[in-house]
Amino acid sequence: MKPKMMWALAAIALSAACSDGDEGAAKAADAPVRPVQADAQQPAADLPPVEERELTPEELEKGRFSNEWTGVVQLDTTGAGVAVRNPEKWAQISAEQMNTGAAFLPLGGEVSGPSVYRVQILLDRAFFSPGMMDGYWGKNTSKAVYFFQQREGLKTTGRVDSATYDKLAEVAGRPEQLVVSRTLTAEDVKGPFQELPDSIYDQAKLDCTCYESLTEKLTETFHTTEALLAKLNPGVDLNTLAAGQTVNVPNVRAPDAKAQGQIAELSVSGRGSFVHALDASGRILYHFPSTLGATYEPSPQGEFKVTNVTKNPWWHFQPALLEKVPDDRPDAKIPPGPNNRVGLVWMSLSAPHYGIHGTNKPEAIGYTSSAGCVRLTNWDALFLADKVQRNTPVRFRDIQGRTGGQDASGSGSRVDSIAKARARGDST
């Protein structure tokens, strides 16, 4: 994936199938999932390609401010009054401003700038992920705020007032600095880095679907856009940084942050485009924005279980399962890496050929549709994978057009594709 600003690129999934990636996985019940080692060659995830196109700024902004998610929640609009105009601008974001400036409140709507970025960093640290942080308010940030307010017993407006900001800072650990100076390690700057060819078959020849640049790796490491990293480090060529050099980065949650409790259930919302990890009482432990299936290629509906976790999965390109790809095209197995179409981890579900996984386009999470599976950013998917147990229930709700893993009509392009392949004796 060539790094691009979030408002300039997103992906639309137009293909048919989404299938599993844990062939030969251990079947031990009631045991914690034991992810494979990063350097182990794993069976291919039987996932299809997605056809992608660049969205216009108007289309992406429409997705950013889509209110469809509010149809599955109960916003508190009492006493909302007239919104105060936020004078901040995105261009005002800097490392100094982030650490010394005051937050402008209340916050929400079509705004951008330092206060939005502060809230996004605090949400990330509080385990209510806003996805890829970009300094712009949008539905991913608003959703995270809403569900944080709901859990903490605050007024559920989806906007940030002083009470919400103070509680958010408390849960986030009241960091002294929201932007920190990070001394890069050898692991931070380790490659290889290589340009990813467009052709599926050329990708199959690679040793890995690696990051295309150090900048891309840093954006995923610190959950933020290339544009914001550049704003925090004016005049610095991020691609030429070496171990021992320092770089200003958002003070995000640690990848190995202590678990907030035992996950008893995963709740996946179709219309809301989010995943919740819940404890036994139904309390939200972790919130993640997600990309799910479209109405023409929906995710399953009902209750399933996590059956296995595979880190660094291979991806199996199978024309036989695809409605929009000629059957006579050969299969291909794409090597692991962050730019693999399933990202850095695959959590298979008991629904055949479905899973929760990462992505090669984190900037599009929450704004687009997928081929039926559940996509998270790579960092959110890895974080969840390290804390979920085998046999954890996964409940899909408000999924349009499908019940029990099939279309409401009992058929569909994905179901028909798999049936077509099996009729020929192809492996699915």
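Yeah, the Cβs are placed from backbone N, Cα and C, and that goes for glycine too.
Noted in TrEMBL for the protein shown:
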REGION    21-67  region 'Disordered'
COMPBIAS  26-48  compositional bias 'Low complexity'
COMPBIAS  50-65  compositional bias 'Basic and acidic residues'
DOMAIN    264-397  domain 'L,D-TPase catalytic'
ACT_SITE  His357  active site, proton donor/acceptor
ACT_SITE  Cys373  active site, nucleophile
REGION    396-428  region 'Disordered'
COMPBIAS  417-428  compositional bias 'Basic and acidic residues'
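Counting every protein chain shown, 29 other Cβ atoms lie within 10 Å of the Cβ of His357 (active site, proton donor/acceptor). Mean pLDDT across the domain 'L,D-TPase catalytic' (264-397) comes to 88 in this model.
Broken down with DSSP, the domain 'L,D-TPase catalytic' (264-397) shows 14 helix, 54 strand, 66 coil.
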